[in-house]
Structure formats: structure tokens, C-alpha cells
Amino acid sequence: MSPQTETKASAGFKAGVKDYKLTYYTPDYETKDTDILAAFRVTPQPGVPPEEAGAAVAAESSTGTWTTVWTDGLTSLDRYKGRCYHIESVVGEEDQFIAYVAYPLDLFEEGSVTNMFTSIVGNVFGFKALRALRLEDLRIPPAYSKTFQGPPHGIQVERDKLNKYGRPLLGCTIKPKLGLSAKNYGRAVYECLRGGLDFTKDDENVNSQPFMRWRDRFLFCAEAIYKAQAETGEIKGHYLNATAGTCEEMIKRAVFARELGVPIVMHDYLAGGFTANTSLAFYCRDNGLLLHIHRAMHAVIDRQKNHGMHFRVLAKALRMSGGDHIHAGTVVGKLEGEREMTLGFVDLLRDDFIEKDRSRGIFFTQDWVSMPGVLPVASGGIHVWHMPALTEIFGDDSVLQFGGGTLGHPWGNAPGAVANRVALEACVQARNEGRDLAREGNEIIREACKWSPELAAAC
């Protein structure tokens with residue numbers, strides 16, 4: 001062996017599996033204001049110490065690989081590596097830990113959720129040293145969030161566009177979700193809008209199938225919107241689903257919606273992908289379209305408690321990528337959603353500044369600086385008896401979306417919409433008069449039933 005080879009070997013370039021904690025576990029590290037911070041729920045394999053597991057997460061989601069490579073000497077690992085800077089046990093779980101990891105800002109491309117997730121929730125989730133791994137929360141520093149456009153318009157601009165203030169907005173998903181012709185679909189939209197709803201919605205499954213091509217649906221829905229607006233004197237909208245198999249086709253559908261003069265389009269942001277979603281958000285801001293976001297596929301990612309990613313992370317990513325509405329659970333309907341946790345990520349969607357609050361699952365203080373907020377959409381198995389609770393829980397800056405709760409009315413779509421609007425107006429008025437919606441909600445609805453036969457029939 002030559003002296004030169006011996007020197008290289010002694011300098012630390014010997015092949016072999018290495019301990020990650022020697023390089024990537026840094027409990028003395030003081031986080032920087034520009035760091036992206038992550039909280040991972042780590043379940044190590046038996047025999048793997050938590051410090052090694054946390055360091056492995058930091059390494060494999062940043063600069064690390066399983067062995068020392070000679071090109072490590074060509075860059076500054078201290079500048080670019082992720083660092084596991086704190087580990088704590090999960091209460092009630094012997095084998096689970098929260099590992100806090102700090103990432104230098106230079107690891108990520110500006111304005112790209114796709115690039116951020118490729119590192120932070122990439123191959124590390126298949127790492128053999130871990131039985132399970134879940135990303136619980138992210139802290140996005142202003143230095144990074146300012147590289148994103150964010151929502152096309154935001155809450156205040158949407159209210160100004162619609163000229164609707166002081167109450168939640170009302171919506172309805174048209175059912176059956178699949179099988180209607182475009183003309184019958186448009187008729188259902190018209191009946192709901194003329195009855196008092198602000199919005200109707202394409203189901204996320206509706207794209208451009210043989211029974212109803214997208215262009216036909218857009219035309220009949222636009223006709224329904226204009227007719228309902230003329231009759232009610234209110235601005236109406238229908239979430240026209242622009243989701244498509246290619247970005248080019250998606251933008252083509254959004255262009256047609258703009259040409260029809262409708263106010264809003266829709267996108268399935270997880271199924272469609274963050275790159276497509278960000279492209280559509282840019283188009284919507286440039287062309288005055290609101291953007292409704294559906295979260296189809298989220299439960300594949302966020303439902304398991306020890307593996308995947310919490311929805312609060314997906315919600316933060318959506319605010320960065322761009323959307324004016326996003327479905328956020330109901331707390332009271334058919335779909336899963338714990339109240340305090342749900343309100344935690346609802347605040348992350350709407351507010352400018354959110355303090356750390358572990359009781360609500362918020363691991364980091366988040367400052368969105370000037371990024372517009374996103375309206376949370378409550379939908380899934382809700383009806384008029386839920387209206388007091390929904391009004392109290394979600395407040396004015398929300399969209400309450402009743403599918404079966406509107407279309408299932410015994411008298412039809414329009415009376416179902418009337419029932420929802422009357423229930424909402426009654427709850428808002430009662431709240432403004434100082435009544436307790438949580439305690440008096442049922443009584444408020446019963447009182448409103450006396451002067452609204454449509455609401456009485458719905459109850």
C-alpha cells in the first residue's frame with residue numbers, strides 16, 4: 001500500500017457502515033431563524049438507540065448516506081447537513097420518540113414544495129433502521145415562505161370578490177358524484193344556488209369521463225350560475241374541477257373557465273401533485289380565479305398515527321403551494337377529525353402568526369408574515385342540526401359544505417339549500433345576539449323551524 005493511500009485511509013475514508021449519531025446528532029446546536037425545523041415521530045427497530053435513529057433521519061433526509069464517501073471532502077457538511085438537535089419520549093408510548101431536526105435553508109429550492117418534500121419526506125421513510133416514521137410538523141421560516149406566492153387571492157380578497165361578509169360561506173357537493181349527464185348536473189347546480197347556497201362543487205372524482213365531458217359540464221354549470229345570480233341578486237360560484245392527466249390539459253380547462261366568466265376552479269392537490277397545483281395557483285392569481293382545493297388521497301398519507309405525515313404539514317404545504325379553500329375535516333360529521341387538532345391546523349391555514357401549542361399538535365411557532373390565508377372547508381356527513389356547532393367551531397372565515405345535507409331534502413335541492421341558509425342565518429344572528437351556540441344550538445334550530453317550512457322538513 002502506498003503512503004498516499006495510507007494517509008487517505010487514516011483521514012477517515014475507510015469503507016463501512018458508520019454511526020450516524022457521530023455526525024448528525026448535535027444536542028448543543030442552537031437553531032437559526034432561517035432553519036426549516038421538523039418534528040418526526042420515530043419508532044426505531046429493536047436495539048436501535050433513539051439518538052442513532054434521530055440522527056439517521058437527519059442524515060438520510062439531507063446529506064448523509066450509509067458510508068463515508070470520498071466526495072464528502074469536496075463540500076462543507078457542517079454547512080449543509082441536517083441536524084437532530086433534540087429527542088423526547090412520546091407519553092404513553094415506550095418505543096416512540098419525537099426527533100427534532102434542523103435543515104439549513106440552502107438545501108431547498110426556492111418556491112418549490114416538491115423539492116422540500118423530496119428531501120424531508122423522501123427515501124428516509126423506507127429506512128431499515130426504523131419501524132415507522134411520521135412527520136408531525138414543520139417550521140417554515142419567513143426567509144423560505146417569502147419565496148412562495150401562496151394562495152392566489154386569500155380570504156379578504158375572496159370576500160370582496162363575492163361581496164359576502166359576516167358569516168361562513170355555504171356550499172354543496174353535487175350528488176350522485178358520478179353518472180349524471182352534463183345537463184342534469186347543471187340543473188342540480190342551479191337548484192342549489194337559487195335556494196341560497198354560495199357555491200356548489202364538482203366531486204373530486206369528476207374530471208372528464210364518457211358520461212360527462214368537462215367542456216359540457218363547464219358550459220351547463222356556467223349557465224346555472226348566471227341564471228341563479230340573476231334570480232337572487234347574489235354572486236354565485238361552482239367549483240369547476242380542472243384536475244387533469246397533464247398540466248397542459250389542466251391549464252386549458254382553467255382558461256376555459258376564465259373565458260366563461262365563472263369565479264372559481266378546483267384542483268385535487270395531492271392526486272394532481274404540488275408542481276401542478278403551484279402552476280394552477282399562479283394562473284389563478286394572474287387571471288382573477290379563486291382556487292378551491294380538495295385533499296383526495298390525504299388519508300393514505302396522514303391517517304396512521306405512527307407513520308406518514310400529519311395533515312397539518314400538508315395544510316402548511318398547501319398554503320405555500322397555493323389555494324384559497326381546502327377541505328379540513330368537520331369534527332362533527334362522518335370523517336375523522338379530533339376537535340383541538342383540527343382547530344390547530346385550521347388556525348395554521350387562516351392566521352398570520354400561530355404560537356407553539358402542543359395540546360393542539362402545534363410543535364413550532366409559525367410566522368406566515370404577509371402570506372394570505374386559506375378558508376377551511378368543513379364537509380362530510382353534516383346536516384342542519386350540525387349548523388350551530390359548525391358555526392361556533394369554524395367561525396365566519398370558513399366554508400360549510402353540505403352534500404347529502406342539501407340534496408337529501410325530501411322536497412328537493414332548492415328547499416334543501418333554503419333549509420341550510422335559514423339554519424346558518426339563524427345561528428349567526430343568535431351568536432351575534434350573545435347566545436351560546438354550543439348549549440342552545442338545538443333550541444335555535446327549532447325556533448327557526450317555526451318560520452321556515454323547508455328547515456322544518458329537513459329536521
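Glycine is treated like the rest: Cβ placed from N, Cα and C.
Bear in mind that the values here come from a model prediction, so they are computed numbers and not experimental data.
Quick look at what Swiss-Prot lists:
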type     : residues                                       : note
ACT_SITE : Lys175                                         : active site, proton acceptor
ACT_SITE : His294                                         : active site, proton acceptor
BINDING  : Asn123, Thr173, Lys177, Arg295, His327, Ser379 : substrate binding site
BINDING  : Lys201, Asp203, Glu204                         : Mg(2+) binding site
MOD_RES  : Pro3                                           : N-acetylproline
MOD_RES  : Lys14                                          : N6,N6,N6-trimethyllysine
MOD_RES  : Lys201                                         : N6-carboxylysine
SITE     : Lys334                                         : site 'Transition state stabilizer'
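For Thr173 (substrate binding site), the same-chain residues 6+ apart in sequence whose C-beta sits under 8 angstroms from its C-beta are Thr200, Lys201, Asp202, Asp203, Ser379, Gln401, Gly403. Of the listed recorded positions, namely Lys175, His294, Arg295, His327, the sparsest Cβ surroundings within 10 Å are found at Lys175.
Cα of Lys177 (substrate binding site) to Cα of Glu204 (Mg(2+) binding site): a span of 8 Å. Classification of Asn123 (substrate binding site) by DSSP places it within a helix.
Comparing the Cα of Lys175 (active site, proton acceptor) with the Cα of every entry in Glu204, His294, His327, these being the recorded positions, the smallest distance points to Glu204. In this structure, Ser379 (substrate binding site) is part of a beta strand by DSSP. Across the structure, Glu204 (Mg(2+) binding site) and His294 (active site, proton acceptor) are spaced 7 Å apart at their Cα atoms. With all protein chains in the displayed structure included, the most crowded Cβ environment within 10 Å among the binding-site residues Asn123, Ser379 is that of Ser379. Annotated Mg(2+) site Lys201, Asp203, Glu204; additional same-chain residues within 8 Å of its Cβ mean position, judged by their own Cβ, are Thr173, Ile174, Lys177, Asp202, Asn205, Val206, Tyr239, Asn241, Met266, His294.
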